[in-house]
Each structure stands twice: as C-alpha cells, then as structure tokens.
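Peer 1: Residues or ranges marked as compositional bias 'Basic and acidic residues' in Swiss-Prot: 483-495. According to Swiss-Prot, the feature compositional bias 'Acidic residues' maps to 514-527. Marked as N-linked glycosylation site by Swiss-Prot on the basis of sequence analysis: Asn47. The annotation region 'Disordered' is assigned in Swiss-Prot to 471-527. Annotated topological domain 'Cytoplasmic' per Swiss-Prot: 1-18, 92-99, 163-166, 217-236, 285-299, 343-357, 428-527, in sequence order. The topological domain 'Extracellular' annotation in Swiss-Prot covers 40-70, 121-141, 188-195, 258-263, 379-406. Per Swiss-Prot, transmembrane segment is recorded for 19-39, 71-91, 100-120, 142-162, 167-187, 196-216, 237-257, 264-284, 300-319, 322-342, 358-378, 407-427, and the stated evidence type is sequence analysis.
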Amino acid sequence: MTHNDDDHKWVTTKRKEPIFFTVILFIFQIFMIICFAALTGYDTNKNYTGSENPDEFKGGEVQERVNNFYGYFRDINIMIFFGFGFLMTFLRRYGYSALGYTFIISALVSQWSVLLNGFFEAWSHSNKHGEFPSTWEFSMDSLLQGFFCSGSVMISYGAILGRVTPLHMLIMGIIEPIFFFLNVFIGEMNLEAIDVGGGMYIHLFGSVFGLTVAWFLTDRKSKECTDNAPSYSGDNFAMAGTLFLWMMWPSFNAAIAPLGEPQFRAIANTFLSLTGSTVATFIVSRLFSHLGNKLDMVHVQNSSLAGGVVQGCIAHMNINPGGAIAMGFIAGTISVCGYLFITPKVQRKLHIQDTCGILNLHCIPGFLGSIAAIFAAIKGLNNPNMYSKVEFEQIFRAGDSQASANLIATMVSIGLGIVGGLLVGVILLQLKKIKGLKSKEYYQDSAFWILPIDYPKDVATVVALNNAATSEDTAGGDDEEEGVGKEHGAVEMGKHNRIVQPKQDNKYHKQLPSDDEEEDEFKQEPI
C-alpha cells in the first residue's frame with residue numbers, strides 16, 4: 001500500500017500539534033507559578049482586631065465578607081465550568097471537546113487573569129499615586145475577575161466551536177485576557193463606566209472578539225458540514241447547562257455590586273429580566289418557527305438567557321421591576337429573531353460561521369444593555385432622589401459625565417474586541433500550517449479524543465427522522481412553500497443548524513446504511 005505526499009504531510013503536522021500544545025501549556029504553567037510566587041500574596045493585616053487574646057478573634061468584617069462572597073463564588077464557578085461547558089454540548093459529535101476545552105481553558109484563564117488583573121490594578125495605582133507596587137494582593141475580588149475573564153473567553157469560543165484545535169484554543173486563551181483587562185482598565189479604572197455584571201466588558205467585548213476570529217476561520221466546507229447539527233441527547237445536556245446558567249445568573253450580575261440595596265436590586269432585576277426573556281422565547285419561537293410553528297430547542301437554550309445579559313450593565317440600578325421584565329422580554333424577542341433572520345444573513349453575506357449564535361445571545365443583548373445604561377445614567381443624574389447619597393456616589397462614580405463615560409466605554413469594548421479578534425484570527429490562520437483541521441474533522445471529537453464504541457457515525461438517520469416529521473405537516477400541499485423545488489439529492493443545513501434533507505416523491509434520497517456498512521465505516525475512519 002502506497003501513501004502520497006499529502007498523507008505523509010498530514011501525519012507529520014498531526015504530530016506537531018500535540019507537541020506544541022503540551023510544551024506551550026507546560027511552559028506557561030511554570031511561568032505563572034513563578035509569577036504567583038514572586039508577585040502575589042495574601043493580606044495578613046485585615047484580620048487584626050487589636051486584641052492579643054486568640055479566643056476573641058472571630059474574623060470580624062473579613063469573615064462577614066467571606067461568608068457573603070462564597071455564595072457568589074460557588075454560583076459563578078458553576079456557571080463557568082458547568083453551565084458554559086454543557087451549553088456547548090448540543091453538537092452531535094463534539095461533546096468531549098465542548099466540555100474538555102472549556103474545562104482546561106477556563107482553568108488556565110482563571111490563573112492568568114489574576115496576574116493580569118493585578119498588573120493593571122498596579123498600573124492604575126501608579127497613575128494615581130506615582131508608585132508601581134512590587135507585589136499584588138491576592139483577594140476575593142481577584143478570583144471573581146478570573147471567572148469574569150473566563151466567561152468572556154468562553155463566549156468567544158462559542159463562535160468558533162467545532163473548527164479549532166486545542167492549540168488554537170490555548171493561544172486564544174492566552175491572548176484574549178490581555179485585551180479583556182485592557183478594556184477593563186480603560187472603562188472601569190479610568191472612565192469609571194457603569195457595568196456591574198459585565199454587559200460591556202464580558203458579553204459585548206467577548207462576542208465581538210469571537211465573531212471577528214470566526215470570520216477568519218469560516219470557509220465553505222465548514223458551512224456545509226453536516227456534523228454541525230445537534231442530537232437529541234446533546235440538546236438535553238445543553239439544556240441542563242442553560243438551566244444552571246439561568247439559576248445562577250443573578251449571582252453573576254450581583255457579585256461585585258455595592259452591598260445593600262444595589263446588590264438586592266441586581267439579584268431581583270436579573271431574575272425578573274430572565275423570566276421576561278424566557279416568556280418571550282416561547283412566544284416568538286412558536287410564532288415564527290419555520291417548521292410548523294414548533295418550538296426550537298436552540299431558541300430555548302440560548303434566547304431564554306438574554307434577559308441576564310441585557311441586565312449586565314444596569315442590574316443594580318433603580319430601573320423598576322416592570323422595567324426589568326420589559327427589558328428581558330425585548331431582549332428575548334430580539335434574540336430569537338436574530339437566530340431566525342439575522343444569523344443566516346450574517347453567514348451568507350459576511351461569511352461568519354457563528355456555531356453557538358453568540359451574536360444573538362451575547363452581542364445584541366449586551367449592546368442593548370450598554371445603551372440602556374446610558375439612558376439610565378441620564379435619568380439617575382437628573383433625578384438624584386432615586387438613590388440614597390451613598391448609593392449615588394457608589395453607582396455614579398464619573399459624576400455628571402457618567403452617560404458619556406458609558407458611551408465611550410461601549411465603543412472601546414467594540415473596538416478592542418475587533419482589534420483583538422483580528423490579531424488572534426491572523427495567528428490562528430498561521431497555526432493551520434502546524435495542524436489545521438481537515439474538513440472531515442470539523443465538529444468531531446475523533447481528531448483529538450479516544451472515543452467509545454458507541455460514538456455516533458452517520459447523519460442519515462437524523463435526516464430521515466427530520467424528513468418523516470416534516471412530511472406530515474407538508475402533506476397538505478405546502479411543499480412548494482417549504483422549498484421542495486431545491487436541487488435533488490443534496491443534504492442541506494437548515495436554519496438554526498438543523499439538518500434538512502430535500503425530499504422527492506416522499507422517499508429519502510440517501511439510503512440508510514446497513515449495520516455492516518456502519519461497522520466498516522467505523523473501522524476505516526482513523527481516530
């Protein structure tokens with residue numbers, strides 16, 4: 001048996017990828033261990049009570065902060081490692097990668113973010129006091145900032161899910177946090193913009209960053225790949241991720257809100273907004289569905305969360321409970337319409353393959369929330385009696401220029417997302433020379449994971465079931481409206497990544513393989 005040069009090149013480059021991945025990951029981990037040891041430390045003075053009697057020591061205010069902090073830490077921890085991971089398991093042959101990559105990259109980014117956050121805080125301190133600290137305090141806020149940055153990276157990952165190698169994800173996980181904290185440094189530390197739950201810094205920035213990278217990685221074969229489709233079990237697991245994100249989102253938006261009424265409002269407004277977006281999702285999905293007014297699980301998994309995103313900037317502000325529900329309802333409506341009408345046009349006109357639909361879940365709701373924060377700031381400045389004196393000083397840190405500060409921070413978030421995405425996109429294109437996925441490896445675990453015997457092999461069964469379900473609804477003469485006149489014999493990716501097989505005379509064009517054929521296919525495909 002002979003091998004051509006292309007096969008030899010593919011085998012050679014395939015061996016390079018794990019070497020580069022493991023070496024870079026190992027070196028970067030050693031680098032962070034050294035930096036943590038040399039640059040960070042715990043504050044040992046905050047627990048001092050003035051008493052020399054150890055029996056009187058109970059932790060004081062610090063213990064109260066720890067008790068309050070741990071609940072938020074736990075909830076956000078679940079969101080990042082469980083919620084985002086399982087939300088991406090909808091792809092029928094990509095479950096290992098969705099969970100595994102979110103796991104390792106989130107763990108890495110959580111470490112890297114502590115160092116970057118300490119550096120930019122030290123930079124901000126030097127600008128104000130003229131002295132750059134030699135060591136950085138490792139605090140509870142440091143852990144939260146690590147989670148927030150991990151969330152932004154996971155949002156970006158959603159746009160390129162299925163089309164990247166572990167090395168690609170590692171490079172993006174190293175570079176994106178630099179732009180994330182540069183954005184926070186400009187908007188939070190200098191402009192003092194309002195963004196309690198990361199509507200701008202996490203959702204808007206992360207989604208623009210990911211969509212820009214996706215523009216570089218989108219090609220014709222990725223758009224036509226039939227494995228870019230969900231499975232029944234995958235959708236159920238993804239729905240579990242949605243439910244955990246939905247339940248924990250109030251903690252995400254309230255974690256760093258000022259204590260007292262602002263923190264309570266952040267919890268309440270986020271919850272109410274989530275209920276509004278959930279109701280809107282079921283209404284709009286059922287009303288405008290292209291498949292017989294049936295609910296689409298893609299909408300339920302994603303658009304129901306839009307209420308949490310739209311509250312990211314202003315959850316702690318006095319916006320009225322009815323206003324919170326209305327914002328969630330509007331965000332959910334626009335999100336579903338985005339999946340139905342905007343995403344197909346973006347893919348066709350702009351050539352951006354957005355695997356998870358982050359444009360509709362994070363980008364548009366995040367932008368709406370950022371604009372809402374500008375108007376809420378104007379209203380608050382014109383009606384200062386809406387807040388107590390202490391609340392007003394905590395929320396409107398930029399004073400009379402708060403609205404303009406938020407407008408500038410919104411534009412900066414979009415701009416840095418584009419610039420950072422362009423840089424990473426160019427780098428990932430070059431990395432394809434080391435090991436780029438072949439078209440047959442898109443949206444599959446087989447290239448990088450040891451797989452069990454029941455790993456799904458063919459898409460024909462899913463096509464057949466979809467045809468059987470839709471044929472009942474179109475039996476009354478709706479075939480012309482549903483596009484039966486399309487070219488025969490082609491497997492087409494329908495809207496929302498659903499697989500649609502054109503029909504002819506109520507028979508399937510693609511014959512389902514026999515058990516023996518499936519077994520032969522399994523043996524022939526390299527894992």
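Cβ coordinates come from backbone N, Cα and C, glycine included.
Note that this is a predicted model, so its numbers are computed, not measured.
Help me picture these features in the structure, burial and contacts included.
Peer 2: Mean model confidence of the topological domain 'Cytoplasmic' (1-18) amounts to 51 (pLDDT, 0 to 100 scale).
Within its own chain, the topological domain 'Cytoplasmic' (92-99) has Cβ neighbours under 8 Å at 85-86, 161-162, 227, 229-231, 234, 237, 443-446, 448-449, 451, 455-456, 459, 462, counting only residues six or more beyond its boundaries.
Same-chain residues lying 6 or more positions outside the topological domain 'Extracellular' (258-263) and placing a CB less than 8 Å from one of its CB atoms are 68, 196, 316-317, 388, 391, 394-395.
For the topological domain 'Cytoplasmic' (285-299), DSSP puts the residue distribution at 7 helix, 0 strand, 8 coil.
Long-range Cβ contacts of the topological domain 'Cytoplasmic' (343-357) within its own chain (Cβ-Cβ under 8 Å, at least 6 residues beyond either end) map to 87-88, 91, 158-163, 211, 214-215, 217-218, 222-223, 228, 298, 302, 495-497.
Counting residues 6+ beyond its ends, the topological domain 'Extracellular' (379-406) has Cβ neighbours under 8 Å at 191-195, 200, 258, 260-262, 313, 316-318, 370, 373 in the same chain.
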Peer 1: With CB pairs under 8 Å as the measure, which of the listed stretches 71-91, 142-162, 264-284, 322-342 comes out on top against the transmembrane segment (100-120)?
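Peer 2: Answer is 142-162, with the largest number of Cβ pairs below 8 Å.
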Peer 1: What same-chain residues lie close to the transmembrane segment (71-91): Cβ under 8 Å, and 6 or more beyond its ends?
Peer 2: 98-99, 102-103, 106, 110, 140, 143-144, 147, 150-151, 154, 157-158, 161-162, 227-231, 234-235, 237-238, 240-242, 244-245, 248-249, 251-252, 254-255, 297-298, 301-302, 355-356, 443
Peer 1: Counting Cβ pairs under 8 Å that are 6 or more apart in sequence, does the total for the transmembrane segment (264-284) and the transmembrane segment (167-187) reach three or more?
Peer 2: no
Peer 1: Are the transmembrane segment (196-216) and the transmembrane segment (407-427) near each other by the rule of at least 3 C-beta pairs under 8 angstroms (pairs 6 or more apart)?
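Peer 2: Checked: the transmembrane segment (407-427) vs the transmembrane segment (196-216), in contact.
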Peer 1: If we skip the immediate neighbours and take only residues 6+ beyond the ends of the topological domain 'Extracellular' (121-141), which ones have a Cβ under 8 Å from one of its Cβ atoms?
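Peer 2: Cβ under 8 Å, 6 or more out: 39-43, 65-66, 69, 73, 114, 185, 189-190, 256.
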